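Copied from TrEMBL, the annotated features are:
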type	residues	note
BINDING	T456, R461, S623, T624, E674	L-glutamate binding site
DISULFID	C40-C281	disulfide bond
DISULFID	C686-C743	disulfide bond
DOMAIN	374-737	domain 'Ionotropic glutamate receptor C-terminal'
DOMAIN	381-445	domain 'Ionotropic glutamate receptor L-glutamate and glycine-binding'
SITE	I601	site 'Crucial to convey clamshell closure to channel opening'
TRANSMEM	501-519	transmembrane segment
TRANSMEM	572-594	transmembrane segment
TRANSMEM	763-787	transmembrane segment
Amino acid sequence: MTLVAECAMEVANIDLQTPLVLRQEEVPFGNSFQGYGKLCKMMQIGIGAVLGPSSKHTALHLMSICDAKDVPYFYGHMWQSAEAFNLHPHQDDISKALHSLLTEFQWSRFIFLYESTEYLNILNTIMALYGLNGPIITVLRYDINLNGNFKSVLRRIRKSIDNYIVVVGSSDTMPEFLRQAQQVGIINEDYKYIIGNLDFHSFDLEEYKYSEANITSLRMFSPEKLRVKELMLKLGYTYALDEYQNGSCPITVEMALTYDALQLIAETTKHISLKAEPLNCTDRSDGVTEDGSTFKNYVRSLNIHKRTLTGQIYFEGNVRKGYTFDVIELQPSGVVKVGTWNELSNYTSQRLKPTSAIFENFDNTLVNRTFIILLSVPNKPYASLVESYKKLDGNNQFEGYGVELIKELANKLGFNYTLINGGNDYGSYNKSTNTSTGMLKEIREGRADLAVTDLTITSEREEAVDFSIPFMSLGIAILYVKPQQAPPATFSFMDPFSEEVWWYLGLAFLGVSLSFFILGRLSPKEWDNPCPCIEEPIELENQFTISNSLWFTTGALLQQGSEIAPKTVASIWWFFTLIMVSSYTANLAAFLTIETPTTLIENVNDLAENKGGVVYGAKRTGSTRNFFMTSEDERYKKMNEFMTKNPQYLTETNQEGFERVKNSKDHTYAFLMESTSIEYNTMRECSLKKIGDALDEKGYGIAMRKNWAYRDKFNNALLELQEQGVLAKMKNKWWNEVGAGICTTKAEQSDAKSLSMENLEGIYVVLLAGSGLALLHGIISWICFVIRKASNHKVSLKDAFTEEFKFVIDFSTYTRELKTSASIYSRSRNSSISIDTLEANSTQNI
């Protein structure tokens, strides 16, 4: 990628009067913290625009920084952000292209395989384009266990009657998907594929071109394009005729979009100058790039195709438009272009005969049909019995989210339904004996048509029944008690200040006391006549001993005063103590009124280590327990081993686990369950909360018979309810309104924090500066005093300074004899002059 950026910069600078300069930093994949630090350093030097990294989470973090500083940000990935310019085609446009191909090929039913939940938006758009009369779609996630092993899902496809497959996934997993699909035996003449990945031309396709499988895909540029050839040559790749006909093109979409982003920036700088001003993203300043907004607005007005690899570029908002996809097909001769797609003309075929569908349409209307639907009762909020003084029967006796969901679907599709309590056994499937239990058995044997409850879509269950698209997304989470108030500590009165502040306060106390002591010895004003009635005393006395200096600073710090009255500057210390005492008092009040909560565990790692003696469990059977039993993650393996060795912590139902957490002594029990159930219960039990993030991601779906003719009708209806906001409204009703509201009135208090040096360093600076000035004033006053005294007594200045300095550093005495034979002043004619007289004479002379 570095070489591509350098080559692109070389091309971009060809006709620029002021050439662009490229600065690059490598960031470990997913390391947002390091990416933030490096971006801030680059901003301090000055940057005009940013090309983001490959990691989604890191890129989103850096986007927010650039948006705050008004720095243009460019990237090239399928996911979208409103804060930056994305040169990658929008998911909706990819969906439109796939829909055009499906319509052209007349596929009446197919399997939609996706890597992760972010690709489900493509499916949603395809289904929305079809409307209510779309084909039958089987939706499967090929990386269901998140371990890179797709064979369990691929074997299910091999056993399925469907052999038309649409696959969407990342460039990281797609080559491995094709390899495992070939190993399982579903890449042959019986299968047709549409690969919704724009890097298909970069995969090694040599071993698949003779498989006779019909594989179609899309690409943004051809390796035969002149500018692509030039780039490959600059990168050190040779280009012979038809060398990349079998794939393995070294230029990926991400590389091409990086190249094009630099051409776009260069084109913009021809019209709008962008100054690379130094910015600081680590402080709270409001500094932004001066021409950042103007630059971004001009980018939105551009329409370029010169020197780009991926064709025309212009933006609608921050979404790129104008490109054309090549529709390519893998044939025995290699990758062949068979058509094009763009937003205006859709699919244009270059083949004589399009692929035709092999399945016939059949009547699958739902009007006036009656379905038997299983519920799990009682199982709030999905289904429960209505509380009424009247005896209710039939469908009227049930209420809940699942009941309302079926009612909405029936209103849309026109069918009738009969609700039946299917119990708490959702069922499992034994592959070796081909038998099932619970609700799955009832559906397989025809005694029920649908099951609507908190039934998780799993690969094991999909062996026995089919599922609709998820009507609710969730994950496994930890149910635990809310953090409790910490017991008061013995020295809690010290909490208002951080440890650093207390140390600096002690040093300031000692330093100021020492300053008073030194200034007291230096300043003539601090040497007083111990007997005011005697006009010419024989000695003077100084009140600022070491103990008196400490006592004065102590009295000022505690705002009580003392009998010591300094004549030199003390206002800086008083000001300092005023601020410190006021800050301490205010923060102490916060610590006394705000509870500081503590908790034994904060995340799944603490739980796995049994931190604080906390044990945990889950429902004995079900998807949550299966997740830990089949996980390859070392943490979850360890947790599974713990639950296997301690079956006493497992429960029969989620409600039992909920009650066990609530009633556990010393808060040493946590329960693992679905996040949606935790959200429901914590809205009604204020002492409990969800701990940490979800451990996985999955969804609840409506179970139905295998290859059921009406599956896509239900999928389309569910999709419409989702787009119209009905599903979100229903969830809000049954989670946050019906029976809730108990725990939402009291807002959580923010924690009180100790004041650190960052909060108080200003007052320390004032104290340091004031003490320095006071010390300087004292030294100058002492020097002036010695000079005047030497002049009045007619002694040498050197002898006077020597004697006075020796006296100042003699810390053993705090009195001064004015008439002593040892003094140089005693030999002068003015030896009887007192210090007060000396000062008076000096005043008269002035």
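Think of each number as a place in line: the chain as shown, counted from 1.
Backbone N, Cα and C define each Cβ position, glycine as well.
Averaged across the domain 'Ionotropic glutamate receptor L-glutamate and glycine-binding' (381-445), the predicted model reaches a pLDDT of 87. Around the Cβ of I601 (site 'Crucial to convey clamshell closure to channel opening'), a 10 Å sphere holds 23 further Cβ atoms from the protein chains shown. Long-range Cβ contacts of T624 (L-glutamate binding site) within its own chain (separation 6+, distance under 8 Å): I476, A618, L672, M673, E674. For the domain 'Ionotropic glutamate receptor L-glutamate and glycine-binding' (381-445), DSSP puts the residue distribution at 24 helix, 15 strand, 26 coil. Other Cβ atoms within 10 Å of the Cβ of T456 (L-glutamate binding site), summed over all protein chains shown, number 20. Of the disulfide-bonded residues C40, C281, C686, C281 has the largest number of other Cβ atoms within 10 Å of its own Cβ. When the alpha carbons of R461 (L-glutamate binding site) and C40 (disulfide bond) are compared, the span between them is 50 angstrom.
For the binding site of L-glutamate, formed by T456, R461, S623, T624, E674 according to the record, the largest Cα to Cα distance is 17 Å, rounded to a whole number.
The Cβ of S623 (L-glutamate binding site) has 21 neighbouring Cβ atoms from other residues within 10 Å, across all protein chains displayed.
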